[in-house]
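Quick look at what TrEMBL lists:
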- 366-819: domain 'Major facilitator superfamily (MFS) profile' (DOMAIN)
- 403-423: transmembrane segment (TRANSMEM)
- 435-457: transmembrane segment (TRANSMEM)
- 463-482: transmembrane segment (TRANSMEM)
- 494-517: transmembrane segment (TRANSMEM)
- 523-543: transmembrane segment (TRANSMEM)
- 622-641: transmembrane segment (TRANSMEM)
- 661-678: transmembrane segment (TRANSMEM)
- 698-717: transmembrane segment (TRANSMEM)
- 723-750: transmembrane segment (TRANSMEM)
- 771-789: transmembrane segment (TRANSMEM)
- 795-815: transmembrane segment (TRANSMEM)
Amino acid sequence: MSVAVQTLVQPDIQYHPDYEKYTARKARREATEQLSKTLPDGFPQKLESPLVWEGKDVEKRDDWIYRLNDAQREEIDAALKSFQAQNLSLGNINQDTFPLPTLRPTLRSLSNEIHNGRGFFVLRGLDIDRYTREENIIVYAGVSSHIGNIRGRQEDRRFTPDGGSVVLSHIKDLTRTSEANAIGAPSNTADKQVFHTDSGDIISLLCLHPAAEGGESQISSSWLVYNILAKERPDLIRTLSEPWPVDGFNDPVKPYTTRPLLYHQKATGTTPERVLIQYARRYFTGFLAQPRSTNIPPISEAQAEALDALHFLAEEHSAALDFQKGDVQYINNLSIFHARKGFRDEPDKERHLLRLWLRDPENAWATPEPLCERWENVYGNVKVEEQIFPLQPKLRKTVGSSVVYNLSITIFCIGFALAPMVLAPFSELNGRRPIFVVSGIVFTACIIACGGTHLFAGLLVARFFQGVGASTFSTMVGGVISDIYHAEDRNTPMALFSGAALFGTGLAPLLSSVIVYHTTWRWIYYSHAIVSAVFVVIIFFFFKETRGSVILSRKAHALNKYYEALEDAGHFGVIMADESGEKQRTKRIRWKVKSDEQRASLGQMISISLYRPFHMLFTEPVVFFFSLWAAFSWAVLYLQFGSVPLIFQTNHGFNVEQSGAVFTSMCVAVIIATLISIYQERVVSRFVKLPNTPEKRLYFACVQAVLMPAGLFWFGWSSYPSVHWIAPALAVGCATMGILSIYLAVFNYLADTYHRFASSAIAAQSCCRNLLGGAFPLVTHALFTNLGYPAASSLLGGIGAALTLVPWVLSFYGAKIRAKSKLASELAH
C-alpha cells in the first residue's frame with residue numbers, strides 16, 4: 001500500500017497581476033473547494049467610517065486638497081532660514097527647529113484627518129523651484145514634522161552597519177542608469193506599481209517633478225475592500241487573517257517570517273473598531289533582482305487568489321490623484337492602499353518624488369503584535385545624529401553596503417599600481433611591442449567582461465585585470481619616449497603624453513554620463529571595448545619595436561642565422577692567421593649584444609623590480625617626498641569623480657548628463673596646461689639661461705603647482721547654491737592644471753636624477769600615486785557630507801598647499817640633498 005505525498009509548489013502568480021489567471025483561479029476554487037461562508041470570530045460584517053470611501057466620489061471633489069497661501073509660504077521660507085541659521089544636521093529638523101506658529105494648527109488638524117477622517121490629503125503650493133535640493137528636503141521634512149514628528153528608517157538595519165538611518169527615499173526610475181536585474185523595488189522603475197502598503201503609519205510623498213506622461217498616484221480605501229470581501233468572499237477574509245510566509249530575501253538569520261496580512265482591533269473606550277491590512281505583493285511573488293526565495297514555503301492557491309482580489313478590488317474602487325510639482329501627499333498607511341500608474345520620462349521631464357515614513361504619537365493607532373518587530377525596525381531608536389537624508393536617488397539596497405560599489409575603482413587602481421613591478425622585466429627581454437599587444441588584448445577582454453558580468457565579484461576580478469592591462473600603457477609609454485628622444489628633446493613628447501592621459505581622465509566621465517543617461521551603464525564598457533579593440537589592431541599592425549637592446553638582439557640573432565646558413569653551404573666567416581702567424585684558420589662570425597651578456601635571469605630581474613622601487617621609496621628622501629606629492633595630487637584627481645557629481649547635482653540641480661559635462665573644464669584645462677608646458681621652457685630660455693641640473697625641471701612647477709590647492713579652496717567655497725555653477729566648474733580646471741604640472745615635474749626630475757634607475761624611482765611614485773588615488777573614492781562621499789563641502793575642500797587644499805613646499809625645497813637645496821644620497825651621487829659621476 002502506498003501513500004501519496006503532496007508536494008507544495010508556488011502558484012502561478014507574478015508581481016503584475018493577471019486578471020485572466022485571477023478569474024480562472026477564482027472559478028476553479030469556487031467549483032472544487034468548500035469555501036467558508038463565515039468571518040473569523042469577532043470580525044465585523046461591515047465597517048462604518050469616513051475611512052470607507054469610493055474612488056469615483058473622491059475624484060469628483062477637491063476638498064482633500066489644502067492650498068497654501070502666500071503668507072504660509074513666507075512662513076515656511078522663514079522657518080527654512082531659521083533652521084539654516086542654527087547650523088544643525090538635518091536629523092535635527094522638528095517642530096521646534098522648524099517653527100510654523102501660524103500654519104501648525106492647520107497641519108495638526110490635517111494630521112487628525114489622516115487618522116480619524118478620510119485618511120489622506122494633499123498639500124499644494126510649495127514653491128520648490130525657489131530652493132536647492134537640500135533646501136527642499138529641509139522644507140519637506142520641516143513641514144512634515146508638524147504632521148508626524150517621528151521619521152522612520154527606510155532601509156533594513158542589516159544594510160546600515162555603520163548605524164546610520166536612511167529616513168528619506170527618492171522615488172525615481174533608475175533603469176536608465178542601472179540594469180533592471182539589479183533593481184529589487186518597483187518604485188525604482190517606470191512600470192505600473194500594484195496596490196500595496198508600505199511600512200509605517202503615515203506615508204508622505206513630495207513631487208519634485210512629474211513625469212512627461214502618466215505616473216498618476218492611485219489610492220484606495222482598504223476598509224471598503226474589506227467590506228466587499230466580508231460580504232462576498234468571507235473565506236478570503238479568513239485567508240488574509242491567517243499566517244503567511246513573508247520572504248526575508250536571503251536574510252541569513254530569518255529567511256522568512258510568518259504573519260497575517262489582516263488584523264482586527266476591537267473598539268475601546270477611546271478608539272473605534274478597526275481593521276488593518278499590511279502587505280506588499282513582491283514579498284510573495286518576488287520582483288526583478290529579488291525573486292521569490294526557493295528555500296521557503298510557497299503560498300497557497302487561496303493566498304494567491306487573495307492577493308489578486310486585494311489588487312483588483314482596490315483598483316476598481318480607486319481614485320487617481322494627479323501629482324503636480326510641489327504637491328505633498330499624506331496617506332494613512334494602515335487604512336489605504338496605494339499604487340502608481342506606469343509612466344514615461346523625457347530628458348527634462350523625469351518623474352522624481354521624495355518619500356518619508358512618519359508617525360504622530362498623539363494620533364497613532366496601536367500596532368498589532370505581529371508587526372511590532374517591523375515597526376520597531378522602522379521607528380525604534382532613530383537617533384537624530386544618525387539620520388541620513390540622501391540628496392540623490394540610489395538603488396534600494398538588497399545586499400551589502402554602498403561603499404562596496406566604489407571598490408571597483410579601488411580594485412582597478414590596485415591592479416594598475418602593482419602590475420608594473422612584475423611586468424617591467426618582460427619588456428627588457430621581449431621588448432615593448434609584445435607587452436603592448438598582450439596587455440591590450442587583456443585590457444579589452446576585461447572591459448567586455450565588466451559590461452557583461454551579472455556578479456559583483458566577477459566585476460571586481462575583471463576590474464583588477466583591467467587595471468593590470470591598463471598599467472602597461474601608462475608606465476611603458478615613458479620608456480618608449482626615452483627610447484626615441486634624447487633627454488633634451490623629451491619635454492614636448494612627455495608633455496603631450498601626460499596631457500593626453502589627463503585629457504582622457506576628464507573625457508571619460510563626460511562621455512560616460514552621456515552614455516548612461518541615454519542608454520545603460522553597460523554601454524560605457526561596451527563602447528570603451530570597441531575603441532580599445534581598434535587601438536589594439538593599430539598597435540599590432542603599425543607599432544614597431546623601440547627598445548634599443550631588443551632591436552640589437554634581434555639584429556644579432558638575424559645575422560647569426562644568416563651566417564649559419566652560409567656555413568651550412570660551406571662558406572665560412574673569415575680566414576685569420578693563428579698566433580704563430582704561420583697557419584691560417586677559418587673563424588666563425590657570431591654577433592653578441594652586451595646587454596644580453598650582462599642581463600640577469602628573469603627571476604632575478606623580477607626580484608629587483610619588486611625590491612628596488614620600495615627600497616628607493618624608503619631610503620631616498622627625494623623619491624619619498626615626490627611620491628607623496630604625486631600621490632596626493634592623483635588622489636585629488638580621483639576624488640573629483642565623486643565630488644563633482646555630488647555638489648553639482650545637490651546644489652545646482654544638475655542631472656547625470658549635466659554633471660558629467662562639468663568635466664569639460666578639466667579637458668580644456670589640460671589642453672591649456674599642455675601647451676604651456678611645451679613652450680614655457682623655450683620661451684624662458686631666450687631670456688634666462690637655465691642651469692643644466694635636474695632642478696631646472698622644478699622652477700615652473702614651483703609656481704604652477706599652487707594651482708591645485710588654489711583650485712581646491714576655490715571649489716569648496718564656491719560650491720554654495722547661491723554661487724553660479726560656472727565658478728566651481730572653473731575651479732576644477734584650475735586644480736587640474738596644477739595636477740598636470742606636478743605630474744610632469746615629478747616624472748622629469750626623477751628621470752634626470754636617477755638615470756638608469758629612473759624606472760624604479762618612477763615605479764615607486766606610480767605605485768603610491770595609484771594606491772592613494774584608488775583609496776579616495778571610498779571616502780569622498782563621507783568626507784564631503786560629514787565635513788561639509790567648503791570644509792572638506794579646504795582640508796584638502798591645506799594639505800596640497802603644504803606639499804607645494806617640496807619643489808621649493810629641492811629648487812634651493814636639491815644639489816645638497818642629492819649629494820647626501822649615495823645612489824644619486826654615484827649616478828651623477
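Cβ atoms here come from the backbone N, Cα and C positions, even for glycine.
Most Cβ pairs within less than 8 Å of the transmembrane segment (463-482), among stretches 435-457, 622-641, 723-750, 771-789, belong to 435-457.
The list of residues near the transmembrane segment (523-543) in space but at least 6 beyond its ends in sequence, with Cβ under 8 angstroms from a Cβ of it, reads 433, 436-437, 440-441, 443-444, 447-448, 450-451, 511-512, 515-516. Among residues of the same chain six or more beyond the transmembrane segment (771-789), those with a C-beta under 8 A of the stretch's C-beta atoms are 403, 406-407, 409-414, 416-417, 631-632, 634-639, 641-643, 646-647, 651, 716, 719, 795.
Counting Cβ pairs closer than 8 Å to the transmembrane segment (494-517), the top stretch among 435-457, 723-750, 795-815 is 723-750.
Count of Cβ pairs under 8 Å against the transmembrane segment (698-717): among 435-457, 622-641, 661-678, 723-750, 795-815, the largest is for 723-750. Residues of the same chain lying 6 or more positions beyond the ends of the transmembrane segment (723-750) and with a Cβ under 8 Å from any Cβ of it are 478, 490-491, 494-495, 498-499, 502, 506, 622-623, 626, 629-630, 633-634, 636-637, 640, 644, 647-648, 652, 654, 662-666, 668-670, 672-674, 677, 694-695, 697-698, 700-701, 704-712, 714-715, 758, 761-762, 765, 800, 807, 810. The stretch from 403-423, 661-678, 795-815 with the most CB pairs below 8 A to the transmembrane segment (622-641) is 795-815. Sequence-distant contacts of the transmembrane segment (403-423), counting only residues of its own chain at least 6 positions beyond either end whose CB sits under 8 Å from a CB of the stretch, comprise 435, 439, 456, 459-460, 463-468, 470-472, 474-475, 606, 609-610, 613, 638, 641-642, 763, 766-771, 773-775, 777-778. Sequence-distant contacts of the transmembrane segment (435-457) (same chain, at least 6 residues past either end, Cβ-Cβ under 8 Å): 179, 181, 404, 423, 426-427, 463, 465-466, 468-473, 476, 522-526, 528-529, 532-533, 535-536, 539-540, 543. Sequence-distant contacts of the transmembrane segment (795-815), counting only residues of its own chain at least 6 positions beyond either end whose CB sits under 8 Å from a CB of the stretch, comprise 622, 625-626, 628-629, 632-633, 636, 639, 693-695, 698-699, 701-702, 705-706, 708-710, 712-713, 716, 738, 745, 749, 783, 787. Beyond the transmembrane segment (661-678), the same-chain residues lying 6 or more positions past its ends with a Cβ under 8 Å from any Cβ of the stretch are 491-492, 495-496, 498-499, 502-503, 505-507, 509-510, 513, 640, 644, 648, 654, 700, 704, 725, 728-730, 732-734, 736-737, 740-741, 744.
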